[in-house]
Amino acid sequence: MSAGGAPMPTTPNPAVSFPAPRVTLPVGPDILRTYSGAFVCLEILFGGLVWILVSSSNVPLPLLQGWVMFVSVTAFFFSLLFLCVFLSGIVNRIDANWNFLDFGYHFVVFVFYFGAFLLEAAATSLHNLKCNVTLNVQPLLNDNQYNINVAATIFAFVTTACYGCSLALALRRWRP
């Protein structure tokens, strides 16, 4: 009590003032029944195909396709980790804003994968570029490598679209 007899106002505890972060995605196998879980599975599947196809084309343009490989491999493993964290229920034990982390992760990967898709498309478009290899002029990509790069470009686009859909769903969860 103060000298005037009125009680002193208490300052609010900041830990009590802010609600705990929410996880709006289901945890465990139930995540696979949501659109977000399905898109993450598709990201892993198609991202793995991009990785396999680019590496099987013998990477004729290492500067362009090296970035595509880096993005596809990194995104593959982080998407797999993301799915495993939700499947195992670890999200309930880690105090973090999972809705924001989901949005931030899918935003960054969408931007990187979009760039990787453009670089893969650029590498594929150089099919008829002639190179001087030991006095023999040959195309940069033979027909087999060209077909593999076309498939990699298509799957890179599909993977980018999956990350874009996951980004839109994460934005809806983060900002309801």
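Including glycine, each Cβ sits where the backbone N, Cα and C put it.
The feature domain 'MARVEL' is assigned by TrEMBL to 31-175.
The transmembrane segment annotation in TrEMBL covers 35-54 (among others). Same-chain residues lying 6+ beyond the ends of the transmembrane segment (35-54) with a Cβ under 8 Å from its Cβ atoms: 25, 65, 68-69, 72-73, 75-76, 79-80, 82-83, 86, 102, 113, 116, 120, 148-149, 151-152, 155-156, 158-159, 162-163, 165-166, 169-170, 173.
Annotation comment: TrEMBL describes 66-91 (among others) as transmembrane segment.
Residues annotated as transmembrane segment in TrEMBL: 103-126 (among others).
Beyond the transmembrane segment (146-171), the same-chain residues lying 6 or more positions past its ends with a Cβ under 8 Å from any Cβ of the stretch are 35-36, 39-40, 42-43, 46-47, 49-50, 53-54, 56-57, 68, 72, 75, 99, 102-103, 105-107, 109-110, 113-114, 116-117, 120-121, 123-124, 127. TrEMBL lists 146-171 (among others) with the feature transmembrane segment.
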